[in-house]
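Asks: Found this in Swiss-Prot, in case it helps:
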- Gln163, Lys340, Arg369, Ser370, Lys391: (2R)-2-phosphoglycerate binding site (BINDING)
- Glu205: active site, proton donor (ACT_SITE)
- Asp242, Glu288, Asp315: Mg(2+) binding site (BINDING)
- Lys340: active site, proton acceptor (ACT_SITE)
Amino acid sequence: MPFITSVYAREVLDSRGNPTVEVEIVTDSGAFGRTLVPSGASTGEHEAVELRDGDKSRYLGKGVLKAVENVNDIIGPAILGDSVLDQVALDRKLIALDGTKNKGKLGANAILGVSIAAAKAAADLLNLELYQYLGGFNAKQLPVPMMNIINGGAHSDAPIDFQEFMIFPVGAPSFKEAIRWGAEIFHALKAILKKKGLSTAVGDEGGFAPNLASNEDTIDNILEAIKNAGYKAGEEVFIGFDVAASEFFDKAKGKYVFKKSTKEEFTSAELVEYYAGLVQKYPIISIEDGMDENDWDGWKLLTDKLGSKIQLVGDDLFVTNTEYLARGIKTNTANSILVKVNQIGTLTETFDAIEMAKRAGYTAVISHRSGETEDTTIADIAVAANTGQIKTGSASRTDRVAKYNQLMRIEDQLGEDAVYLGKDSFYNLKK
């Protein structure tokens, strides 16, 4: 039977050694679901609230015992006897229990853990894989991996202002081959950095964090790696960035400042022209968070300039929230949304954002967080929702590779039904 008989949360660790919430749900038939909740480093100010204890004597104030307590003492008792097969009703109940717009009372980390664990228990009950339960028989598109091979910005100590430099193996014939291409380019880049006497230590998301001179220097090294690995940049493999511009926007000056490298300052219009120059010079297919999350005028300038040429992904801008996404659609701002389950806090709201994006011709990119775990839920969500793109780090660190391995399992299970669309996944770009 599908009725919840047990809900239990505990405090565990994420990939950065910080506490996070793990939730387990059991039904009366013994069906079981467990999930671990991720955590971000660069967070949008409009995100749902990740509840931390603030007790400096434990984990530097980052403990999550309060969120765990909220699951065990408030949420759990409230949903005992409820069906795991009615995800929408369950998520609505969780939202109502919290009663705040940003889930600040119980914590999005508490609510999300319960939401996903319930879905996993439902899948277990029906003897289905999670992607099959969430997406039905039409869940068959494998996503293009946006592999983050160099980390800068808030994700590393390297003197590079852009937060992530990614490769997109769009020319691969399958997901499995796309991962092979990405891994080979990753190793080619490692060899280049080693030869130049640069660090091959990796950042939070598994990409290298070398002491390169600038954003352009970083791009040049990546293009060299693509070539050395035997692939053609601009045909088989493209590049992209998560700029995370909110991290270097100086509110006092009202300007964007490359604080970590050249110290250059830009107005919104000047930064748009800077990006346009990069797009003209390099095989770029995607830019994420090119403007500050509150700089809607700057975002509009960026979209008008480059929106028909490349993917412009809103992460901090939209925070997986249909309210902000609706504003973007109405004003024709950006053309893609980054989807992070813990930015909004329930599976239902996550799928609502994905569907709204698709209806408007925006792509939806399923994403990890910098503080990850061995949990592979986002891999299943990417296939369940046929999003066509996933951003889950580099070809190193088990917390990142776990998602790629799960996607390769799914592709194997799907067999000849599996679809990898490559560049056609970017349906937001005008042909």
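Counting begins at 1 with the first residue displayed.
Yeah, the Cβs are placed from backbone N, Cα and C, and that goes for glycine too.
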Asks: What is the one among the binding-site residues Gln163, Ser370 whose Cβ has the most other Cβ atoms less than or equal to 10 Å away?
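Replies: Comparing the binding-site residues Gln163, Ser370, the most crowded Cβ belongs to Gln163.
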Asks: What three-state class does DSSP give Glu288 (Mg(2+) binding site)?
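Replies: Where Glu288 (Mg(2+) binding site) sits, the three-state DSSP reduction gives strand.
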Asks: Near Glu205 (active site, proton donor) in space, meaning Cα within 10 angstroms, which of the binding-site residues do we find among Asp242, Glu288, Lys340, Arg369, Ser370?
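Replies: Qualifying among Asp242, Glu288, Lys340, Arg369, Ser370: Arg369, Ser370.
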Asks: When the Cα-Cα distance from Lys340 ((2R)-2-phosphoglycerate binding site) is computed for each of the binding-site residues Asp242, Glu288, Asp315, which gives the smallest value?
Replies: Asp315
Asks: Test of understanding: give the count of other CB atoms lying within 10 angstroms of the CB of Asp242 (Mg(2+) binding site).
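Replies: I get 28 for this one.
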Asks: Cα-Cα separation of Lys391 ((2R)-2-phosphoglycerate binding site) and Glu288 (Mg(2+) binding site), in Å?
Replies: 11
Asks: Nearest to Glu288 (Mg(2+) binding site) by Cα distance: which of the binding-site residues Gln163, Arg369, Ser370 is it?
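Replies: Smallest Cα separation from Glu288 (Mg(2+) binding site) among Gln163, Arg369, Ser370: Gln163.
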Asks: Determine the C-alpha span of the (2R)-2-phosphoglycerate site listed in the record, that is the greatest distance between any two of Gln163, Lys340, Arg369, Ser370, Lys391, in Å to the nearest whole number.
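Replies: Result: 17 Å between the two most distant Cα atoms.
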Asks: How far is it from Asp315 (Mg(2+) binding site) to Gln163 ((2R)-2-phosphoglycerate binding site), counting Cα to Cα, in Å?
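Replies: Approximately 13 Å lies between the Cα of Asp315 (Mg(2+) binding site) and that of Gln163 ((2R)-2-phosphoglycerate binding site).
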Asks: Neighbourhood of the Mg(2+) site (Asp242, Glu288, Asp315): other residues with Cβ within 8 Å of the Cβ centroid, in order?
Replies: Gln163, Glu164, Phe241, Val243, Ala244, Ile287, Asp289, Val313, Asp316, Leu338, Ser367, Lys391
Asks: Tell me which of the binding-site residues Gln163, Arg369, Ser370 ends up closest to Asp242 (Mg(2+) binding site) in space, Cα to Cα.
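Replies: Looking at Cα distances from Asp242 (Mg(2+) binding site), the smallest one goes to Gln163.
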Asks: Quick one: among the binding-site residues Lys340, Lys391, which has the most Cβ atoms sitting within 10 Å of its own Cβ?
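Replies: Result for the most crowded candidate: Lys391.
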